[in-house]
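Step one of this worksheet: look at the structure below.
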Amino acid sequence: MKIGIDKIGFSTSQYVLNMNDLAIARGADPEKYSQGLMLDALSITPITEDIITLGASAANQIITDEDRQKIDLIIFATESSIDQSKAASIYIHRLLNIQPFARSIEMKEACYSATAALDYANLHIGAHPESRVLVIASDIAKYGIHSAGESTQGSGAIAFILKKDPRILTFNNDNLAQTRDIMDFWRPNYSTTPFVNGIYSTKQYLDSLKTTWKEFQNRQGKSITDFDAFCFHIPFPKLALKGLKKVLPKDLDTEHSKKLNEHFQASIAYSRQVGNIYSGSLYLGLLSLLENSNHLKAGDTIALFSYGSGAVSEIFSMTLVEGYQNQLQLNRLDKLNNRQSISVKEYEELFYEEACLDEEGNANFNAYKTGEFALEQIKEHQRIYVNTNEIKN
Ligand code: HMG
């Protein structure tokens with residue numbers, strides 16, 4: 001039975017910070033960001049847009065009434081959780097009106113967890129072939145004003161519907177994971193921003209890639225020539241480019257090397273404009289590749305490298321299905337260009353606003369631009385979400 005990704009949705013914030021403006025404000029050379037990190041802009045969320053609203057908007061783009069009836073598992077992958085107890089997917093279940101007899105859970109392991117979620121979806125559909133699974137990867141990457149990671153922030157969500165006989169990509173069931181206990185990036189419960197050992201984290205990313213890729217090739221009896229594209233977790237595109245260089249052998253023939261380099265450029269088009277979206281970053285790269293490559297075709301196989309600090313990494317591959325192009329959106333860069341540009345001062349206020357709760361646990365917010373869903377208020381410590389289209393109607 002073929003199992004895989006049937007549809008992909010993506011949402012991000014309505015506000016954008018230009019990297020040139022950030023560079024000038026921080027006294028950095030703009031080329032450090034545009035060439036050194038290969039970033040042009042960062043998606044900035046206001047307080048009324050969080051992992052739930054981003055995730056619901058991404059899923060709402062792709063869900064149909066038939067999906068609402070058939071989805072029996074919702075997995076929400078995030079490291080920007082809004083609750084220590086209740087799973088984010090329960091909010092999604094209600095906001096998207098999914099049939100009641102579904103399992104809703106949240107998964108965490110830094111930027112890696114969506115990869116485990118996809119594998120769980122694969123196993124679930126293998127056991128229950130009529131099931132559909134909704135996987136959401138949604139995060140807000142926030143490091144702090146003037147912090148070392150400030151230039152690699154971002155926000156966004158990817159949503160997948162998985163089923164048998166999918167219309168975009170099928171799993172090849174060749175996953176290989178690696179775990180190593182390291183402190184490269186972590187966020188204790190008492191901190192709203194992570195602690196990061198920046199350079200060390202980039203070294204761990206690249207070493208995890210090198211060692212997992214070597215073992216993957218040994219176990220699968222495959223090499224780079226078996227793959228038509230390679231997608232990487234993209235904390236910032238320059239690191240993913242270093243990743244690509246690690247997996248390209250020096251004696252690779254120029255045609256294949258050219259193809260992988262072209263596909264790599266297509267895979268970073270969205271991240272350049274959005275920044276790091278943690279759990280969804282690898283999959284934003286995959287979506288960007290599918291929607292911006294002129295040369296991919298059905299039957300092509302794509303290798304994926306997932307990395308979550310702490311750290312867990314994984315390599316696996318998927319193969320493109322005949323007609324996959326019909327499931328894509330080709331105007332996504334135009335949509336990104338429609339975000340409202342904000343100044344550095346506005347970004348500092350908007351991105352770092354905290355809810356001011358009264359004694360009963362109530363808070364109201366200014367009206368900000370969001371996608372199709374918004375956090376309207378906090379009432380007695382409960383987050384109240386609304387569908388903004390329903391309010392307008
Ligand atoms: P930094 O101090 O901003 O930058 O730190 P830098 O000094 O390392 O320079 C960056 C690049 O710009 C370098 O390129 C410079 O040479 C170049 P490289 O040598 O590495 O190729 N550069 C210039 N280029 C052109 N013109 C110039 C110029 N000046 C310098 N004038 C750092 C960068 C990544 C450390 C920082 O942004 C950071 O700490 N970010 C957060 C951590 C991070 O993203 N780590 C990535 C690996 S860990 C991971 O992927 C997991 C993660 O997603 C979280 C999770 O799993 O949950 C982060």
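From the backbone N, Cα and C atoms, a Cβ is placed for every residue, glycine too.
Features as listed in TrEMBL:
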| type | residues | note |
| --- | --- | --- |
| DOMAIN | 5-162 | domain 'Hydroxymethylglutaryl-coenzyme A synthase N-terminal' |
| BINDING | ASP29, TYR143, LYS242, ASN276 | (3S)-3-hydroxy-3-methylglutaryl-CoA binding site |
| ACT_SITE | GLU79 | active site, proton donor/acceptor |
| ACT_SITE | CYS111 | active site, acyl-thioester intermediate |
| ACT_SITE | HIS233 | active site, proton donor/acceptor |
| DOMAIN | 260-352 | domain 'Hydroxymethylglutaryl-coenzyme A synthase C-terminal' |
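According to DSSP, LYS242 ((3S)-3-hydroxy-3-methylglutaryl-CoA binding site) is assigned to a helical segment. For the binding-site residues listed here (TYR143, ASN276), the lowest count of other CB atoms within 10 A around the CB belongs to TYR143. A Cβ distance below 6 Å to any atom of ligand 1 is met, among the recorded positions ASP29, CYS111, LYS242, by ASP29, CYS111. The most densely surrounded of the recorded positions HIS233, LYS242 is HIS233 (count of other Cβ atoms within 10 A of its Cβ). Along the domain 'Hydroxymethylglutaryl-coenzyme A synthase C-terminal' (260-352), the predicted structure has mean pLDDT 97.
CYS111 (active site, acyl-thioester intermediate) has GLU79, HIS233 nearby among the recorded positions ASP29, GLU79, TYR143, HIS233, LYS242, counting only those with a Cα within 10 angstroms of its own Cα. Across the residues the record lists as binding (3S)-3-hydroxy-3-methylglutaryl-CoA (ASP29, TYR143, LYS242, ASN276), the two Cα atoms farthest apart are 23 Å from each other. Comparing local CB density within 10 A for the recorded positions ASP29, GLU79, the maximum falls on GLU79.
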